[in-house]
Amino acid sequence: MPLLSVAKLSIHFGGLAALINCSFDVEQGKIFSLIGPNGAGKTTVFNIINGIYKADRGKILFDGTDITHLAPHNVARLGVARTFQNIELFSKMTVLENVLVGQHIHLCSGILSGGLLLGRVRAEEKLAREEANNIFDFLGLTDYRSHLVSDLPHGIQTRVEMARALAAKPKILLLDEPAGGLNPQETQVLMQLIERIRSDLKITVLLVEHDMAVVMGLSDRICVLHFGQKIAEGSPGEIQKHPRVTEAYLGETVEHA
Amino acid sequence: MSVQVKGTKLFLVMAAVLFFISPLFLSRYAIYVLNLFAIYALVAIGLNLVMGYTGLISAGHAGFLAIGAYSTAILTSVAGWLSPLIILHVAGLLTGLIGFGLGIPILRLKGIYIVMVTLAFGVVITEIILQWSSLTHGDDGFRVPRAVLGGFVFDSDKKLFFLIQPITIVMTLIARNIVQTRVGRAFRAIEQSEIASETMGIDLAKYKTKAFGLSAFYTGIAGGLFAYAMTYISPDSFNMGVSIDFIAMIVIGGMGSILGSIIGAVILTGIQHALSELPKVQTLIFGIALIVFMIFMPKGISGLIMDWKQGGPNRKQSQ
Ligand SMILES: Nc1ncnc2c1ncn2[C@@H]1O[C@H](COP(=O)(O)OP(=O)(O)OP(=O)(O)O)[C@@H](O)[C@H]1O
Ligand SMILES: [Mg+2]
C-alpha cells in the first residue's frame, strides 16, 4: 500500500481549473517529484494534501487514513510536514524557537501546566531543546540556533524551514521548490540533505522542484503536471525521454546536468 | 559571570524587600498609585497576550475589566464572607469564559472587522451594566464592599497593597512562563504565519479562542482588584476611551513583551495621574504618543531596551 495516494483530484478557482483528475501514488521511503511549468498546479496539490484548500472532487489517502476533508492541523498530526515555496518562517523568532514550534504536536504542556512551569513541563522543554540540537547537527544549523530568522540569509532560512518540518517527526515531508534561490554549492548541499532525510531519517519525500538537475539526481519517480493535468509519470530516465514532457516545457531543456 | 548572576539575584531580592516595605514610608496616595500600576500592568499583560503575542486585536478590553469589576463587586456584596481570592477567581473565570465566547466570532474575521466587533462588545457591556440596574445600580454606580480575608479587612490602600501586589507578581510570572512554553509559542507562531502554524499542527481556532479567554481572565482579575481599589465603580469607568488607553499602553510599552506591558501600564497611569487636572491634554499626549510609537518605534520601549542590551557596551553573541 502506498504511503500517500492521491486519486482523481480536481479543483478550480473561479473559471480556472487548477487540477483536473490528478492521480499519483507515493511509495513509502521514496523520493517522489512533482514537476511542471509555472502554474501547473504543483503547490495546489500540496495545499490540498495539507487541508488548506478543499478539493472539488477526488480523494487523498495517507497512511491508511482518508485525509481529504481533514483540517490542516489534523493532517499535521498524522505525520505530514512541509516547507513553502515562499518561505513561511516565524521570522521574529529565533531558529530554536521555530524548531520548538515544529515540535508542537509532540509536546503536551497547556496554559496551566506551562504557566506554573510544572516539573514535567521543565523536563519536556529540556528534551525538546535536545531534540532541536540533534536536528541542528543534522542540518548544520548549530551556529545559527539563537539567531533571529529575519537576520539570516535566504539559503540558511531554507534549511531552517526544513528543520522546523523535521521537528514534527513526519512520515512524509513535502518540499516546495527547496532549491529556489540557492547558489550551486548550496544546491549541492541541499541534495545531500534530502538524500539523507530519506536514507538516515527514513522519511518519504514529496518534492516540487524546477531545478532539473536536482529532480533527476534525487527522484525515484516523477510525475509531470501541465495545466492541472498529469501528462506523464515514471522514472527519471523515462521522463527525460517522454515526448510530451519536452513539449510541455517548450524548449526548456530537460536533461541531466 | 556567576558573580554577575549572584549580583543580579541579590539586587532582585533587595528590590523586592524594599518594594514590600515601601508602604511603611510612602504616602497614602503613592500607595494607591502603585496599586493602580499593578492593576493596569495585569490589564496590559492580558491585552498583550491577545494583541502582541497572538496578533489579534481587541478594542474592547474595558468591557472585560468591567465584567471582572462588577462580578467582584456583586459577589462581595452578596457573599462577603468568601475569601477575596475565591471571589477574584470566580470573576476572572467568568470574564475568561466570556472572552473565550467572544473569541469564537473573531475566528472568521480579519483586521478592521475584529476591531469593530470588539469595540461593539465594549459598548454593549457598558450598556448592559447601565440597563441591568437591579443588579448593577446602573448609572448610580456600585459601592464595593471591603474584601475580608479570614477576619482581616482590606479597608485601606496600604492593606490592599498586600492583596494587589502579590497577585500581580504571581500572575506576571505565570504569564512569563506561558509565553515561553508551548502555548505561548503557538500564540506567537499564529501572529507571524497562520498558514505555517496550522501546517505544523496548531489548531488556529483553539489557540485564538484560548488567547482571548486567557486575556479576558487576566483583565477580569484586574477588574476585580480595580473594584476593591476604587471602592466605587460606575459604567463610565469602562468607556471606549479606556479601551484605547489600554492599547496605547502596550504599543508604547512594547507589543509581545511582558516587561513592555508593565512599562506601558506604569507610564500611562503615571501620566494620567500627573495630569489628572488636565484630561484633555492627557488624551492628546496619549494619542500623539500612540502614533509616534506605531510609526517610529513599533517595538515600543521594551524593544528599545532589548536593542540597547544587545548593542550596548557589553555586547555579546547570544548563547
Ligand atoms: N488561492 C488561489 N486562488 C486563485 N487561483 C489560484 C489559487 N491558488 C492557485 N491558483 C492558480 O492555480 C494555478 C496553479 O497554481 P500553483 O500555485 O499550484 O502552480 P505551481 O505549479 O505551484 O506553479 P509555480 O511553479 O509557479 O509555483 C495557477 O494558475 C494559480 O494562479
Ligand atoms: Mg508553486
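Cβ atoms here come from the backbone N, Cα and C positions, even for glycine.
TrEMBL: automatically predicted annotations, no manual curation.
Now, the feature entries from TrEMBL:
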type	residues	note
TRANSMEM	B:7-26	transmembrane segment
TRANSMEM	B:32-50	transmembrane segment
TRANSMEM	B:62-80	transmembrane segment
TRANSMEM	B:86-104	transmembrane segment
TRANSMEM	B:111-132	transmembrane segment
TRANSMEM	B:160-179	transmembrane segment
TRANSMEM	B:211-234	transmembrane segment
TRANSMEM	B:246-271	transmembrane segment
TRANSMEM	B:283-306	transmembrane segment
Can you tell me which parts of the same chain pack against the transmembrane segment (B:111-132), counting only residues 6+ beyond its ends and a CB-CB cutoff under 8 A?
56-63, 66-67, 70, 102, 105, 138-139, 235, 238-240, 243
Quick one: find which recorded stretch in B:7-26, B:62-80, B:211-234, B:283-306 has the most Cβ pairs under 8 Å with the transmembrane segment (B:160-179).
B:211-234
What stretch, picked from B:7-26, B:211-234, B:246-271, B:283-306, has the most CB pairs under 8 A with the transmembrane segment (B:62-80)?
B:211-234
What stretch in B:7-26, B:86-104, B:211-234, B:246-271 has the biggest tally of Cβ pairs under 8 Å against the transmembrane segment (B:32-50)?
B:246-271
Taking a Cβ cut-off under 8 Å, which residues six or more beyond the ends of the transmembrane segment (B:86-104) line up next to it in the same chain?
64, 67-69, 71-72, 75-76, 79, 117-118, 121, 147, 167, 208-221, 223-225
Let me spell it out: take the transmembrane segment (B:211-234), skip the flanking residues so only those 6+ beyond its ends count, and list any with a Cβ under 8 Å from a Cβ in it.
32, 35-36, 38-40, 42-43, 45-47, 49-50, 53-54, 56, 58, 61, 64-73, 76, 84, 87-88, 91-100, 102-103, 106, 139-144, 146-147, 154, 157, 160, 163-164, 167-168, 171, 175, 178, 187, 190
